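In TrEMBL this protein carries:
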{"type": "COMPBIAS", "residues": "83-97", "note": "compositional bias 'Low complexity'"}
{"type": "COMPBIAS", "residues": "99-110", "note": "compositional bias 'Basic and acidic residues'"}
{"type": "COMPBIAS", "residues": "111-121", "note": "compositional bias 'Polar residues'"}
{"type": "DOMAIN", "residues": "312-471", "note": "domain 'Peptidase M50'"}
{"type": "REGION", "residues": "69-124", "note": "region 'Disordered'"}
{"type": "TRANSMEM", "residues": "250-272", "note": "transmembrane segment"}
{"type": "TRANSMEM", "residues": "300-321", "note": "transmembrane segment"}
{"type": "TRANSMEM", "residues": "341-361", "note": "transmembrane segment"}
{"type": "TRANSMEM", "residues": "373-393", "note": "transmembrane segment"}
{"type": "TRANSMEM", "residues": "405-424", "note": "transmembrane segment"}
{"type": "TRANSMEM", "residues": "436-455", "note": "transmembrane segment"}
{"type": "TRANSMEM", "residues": "475-505", "note": "transmembrane segment"}
{"type": "TRANSMEM", "residues": "526-544", "note": "transmembrane segment"}
Amino acid sequence: MGTLTSFSFNAVNLRFTSSSIFRQRVGVQVFGSRKLNTKLCYLIPKEVSREKFLKFRCFCGTNNSNNDADYTQNDGEIKEDSSNTASSTESTVTTASPPEDKAVQEKRTSNELPPSLSSRPPNIAPLGSVYNDFQIDSFKLMELLGPEKVDPADVKLIKDKLFGYSTFWVTKEEPFGDLGEGILFLGNLRGKREDVFAKLQTQLAEIVGDKYNLFMVEEPDSEAPDPRGGPRVSFGLLRKEVSEPGPTTLWQYVIAILLFLLTIGSSVELGIASQINRLPPEVVKYFTDPNAVDPPDMELLYPFVESALPLAYGVLGVLLFHELGHFLAAFPKKVKLSIPFFIPNITLGSFGAITQFKSILPDRSTQVDISLAGPFAGAALSFSMFAVGLLLSSNPDATGDLVQVPSMLFQGSLLLGLISRATLGYAAMHAATVSIHPLVIAGWCGLTTTAFNMLPVGCLDGGRAVQGAYGKGALVGFGLTTYTLLGLGVIGGPLSLPWGLYVLICQRTPEKPCLNDVTEVGTWRKTAVTVAVFLVVLTLLPVWDELAEELGIGLASTF
């Protein structure tokens, strides 16, 4: 059995408030080992207060070591100290008496404790401290990996110096952002919202510099509109490194280049497939007969690559013109866009491209302008090729440049089928095959791809335009309707399933709102969005057999 030599403890200050919960008895426990080398751990309350409830000083020791430790638990922190150790031969548990006056406690402590203490090492710690260490480290790791939150000192400074009677009177604060990393100030607007927002943005830069982004958004769960008209507004505050999208990485550039090369290949494949009436029979059989197993010699397709290039150029031209429209609309507004990620598609050449915003949009009007600029530019070039191709198809001198396609392909679009019927005539369209110029195919594919990208859903161009023109609530309704129509095959025909999967897979996380996400766009922008959605429906709406037979679009049945 070990022998306890000279022993002393540091003075322990116990401070309690008048609340009854802090008048409870506080236990002092001594943990001992049953082994020969007895180890003790005294847990003594170091400080008790309302703000910091318990702090435990842990004295551990044996007869065979020279180190010591002081473990303090306080709001998730553990501190080490090397001043207090102990050693004993048996385990005891004592219960402290109710708190006394501070002076009396210090007096009793000084009278009862020996004057010296020989250092003893801690070889054992309570099991609970290991779990607490792991839990605390986990919380710290999550805090480090999570988004950086708004500094509370800055929040107080902004409330005191930014908001006020003449701008916006704050009545409540709530978390703001995807993970609650920001602050949402709710209250009462004291002026015209656009003027107030411009003034607050200027003053914010003067107070805290270029550190935060201030968003003017609709007040969530508002019970009534603003007395001045329109929805009630609130102001959200986010750090710039959290709210602004990150730069394009090297790997993203590599992926974008690879996808573009694959899109070139799919566009050439479309050009070769458009010459189906000229391809070798074994190649046609392999791609059209579901029972065909043995692939043909692909070298047979090499002579058709050169004649497929004009169509491939047309498809790629539409894609590039589409993206150019986005960049030209974003440049005057100083909005940064990412490099486009083209998505290959063997049916139409491409699904289009995914382009991300790399800066926060200033307002909803900018969102509508940038979203519509790309589809309008692509549609303009596509329709030009489609119209020129139809005119060349009806020209007898261009017979050598025409290709034969099944007339039922024109049933894929009500709008484009009616235009083709009006240009080529009933006799040409009401046949098994139709002779058309390759520009018709390029324009048709470009218009179809543009229409799909203008679907009012998610982060597609159409979804962004609808959100900017009519708000997030309207986008939810339009999105559910679009998914339903695609799922039922009402729009898109045979292409509805792959496009529906593309929309679901390629949807990204919700984008940050505009800085001014409240001010509505003008009437002409809403009209442009409405007309665009209407044309999209007409373009993607297929013609059923009865209507096709009556209109003379394709040969729906043979007699």
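Cβ atoms here come from the backbone N, Cα and C positions, even for glycine.
Among the recorded stretches 300-321, 373-393, 405-424, 436-455, the one sharing the largest number of Cβ pairs closer than 8 Å with the transmembrane segment (250-272) is 300-321. Model confidence over the domain 'Peptidase M50' (312-471) is summarised by a mean pLDDT of 90. Across 373-393, 405-424, 526-544, the stretch most heavily in contact with the transmembrane segment (436-455), judged by Cβ pairs under 8 Å, is 373-393. When Cβ-Cβ distances below 8 Å are used as the criterion, the transmembrane segment (341-361) is approached by residues 213, 243-245, 247-248, 252, 255-256, 259-260, 262-263, 265-267, 269-270, 312, 315-316, 319, 322-323, 326, 333-335, 367, 370, 374, 445, 448-450, 452-453, 495, 498-499, 502, 506, 508, 511-512, 514-515 of the same chain, each at least six residues removed from its ends.
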